[in-house]
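What TrEMBL records for this protein:
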type     : residues      : note
DOMAIN   : 98-140        : domain 'EGF-like'
DISULFID : Cys130-Cys139 : disulfide bond
DOMAIN   : 252-293       : domain 'EGF-like'
REGION   : 294-315       : region 'Disordered'
COMPBIAS : 304-315       : compositional bias 'Polar residues'
Amino acid sequence: DKFNQGMVDTAKKNFGGGNTAWEEKTLSKYESSEIRLLEILEGLCESSDFECNQMLEAQEEHLEAWWLQLKSEYPDLFEWFCVKTLKVCCSPGTYGPDCLACQGGSQRPCSGNGHCSGDGSRQGDGSCRCHMGYQGPLCTDCMDGYFSSLRNETHSICTACDESCKTCSGLTNRDCGECEVGWVLDEGACVDVDECAAEPPPCSAAQFCKNANGSYTCEECDSSCVGCTGEGPGNCKECISGYAREHGQCADVDECSLAEKACVRKHENCYNTPGSYVCVCPDGFEETEDACVPPAEAEATEGESPTQLPSREDL
């Protein structure tokens with residue numbers, strides 16, 4: 001490819017001297033000159049591409065012989081150089097050590113509906129790997145889920161069925177030969193089965209069912225729900241503890257704002273949390289079983305000495 005691009009890039013060039021007509025008469029035409037060949041060869045490999053440069057060095061004599069002597073007889077460089085001389089490739093549509101024709105022939109391997117194993121190389125076995133929708137040794141038959149929309153001596157075209165069909169003869173859900181899993185035949189057409197309407201429901205108590213074409217999914221209920229019929233706090237069957245139904249959905253109960261105090265110890269602060277609350281003494285207050293003690297009272301209590309009991313001598 002790089003060689004062919006080099007030929008294109010140099011197609012309109014000449015020797016670049018002051019008297020092109022004299023140069024071409026004396027040195028031969030630039031079009032077929034060795035100078036043009038060298039310019040093309042210089043552009044074949046990047047300086048850092050060791051493998052390319054190594055190959056070029058090993059095969060330069062072959063390229064020079066083709067350019068100066070064989071180009072008119074063998075105009076296709078790839079065919080002469082890669083296929084016939086080096087024998088590392090095969091022509092398109094052929095494969096293997098002997099470059100045999102692929103299944104279906106070298107002109108349209110695999111009927112144009114697949115890839116020939118080893119196509120263009122000295123490898124592979126020539127068998128067909130069919131494109132999606134096609135099957136058979138020559139990729140002319142349709143897979144399940146596809147139907148033959150065109151077939152003659154030279155071409156075979158398979159078109160996808162409606163998603164509801166496992167097999168079909170046309171494009172719609174009324175052309176199904178057999179319904180796909182998740183669909184059922186109803187009045188001559190394959191229609192979706194609503195798995196969510198089944199009894200018992202297919203999902204767990206903490207999930208709701210979401211129907212889809214040919215299938216369904218189980219989605220988790222909102223965290224405020226005890227059972228649900230759909231997504232979000234508005235579809236709860238019941239609310240979990242700490243939540244109550246408000247404006248049609250489960251909302252957090254603010255225990256700290258209720259008439260009956262949630263935190264009953266003296267000086268204690270109440271902080272609402274999702275589904276619950278916490279009772280905390282203010283900063284600096286000491287916590288006792290029945291009160292939050294202010295700093296001054298705590299210090300006074302610590303400073304009092306215990307009552308001294310009378311001694312045996314006093315008695």
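Even glycines carry a Cβ here, placed using N, Cα and C.
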Which one is it: of the disulfide-bonded residues Cys130, Cys139, which Cβ has the fewest other Cβ atoms within 10 Å in this structure? Cys130
Which residue counts does DSSP yield for the domain 'EGF-like' (98-140) in the helix, strand and coil classes, in that order? 4 helix, 11 strand, 28 coil
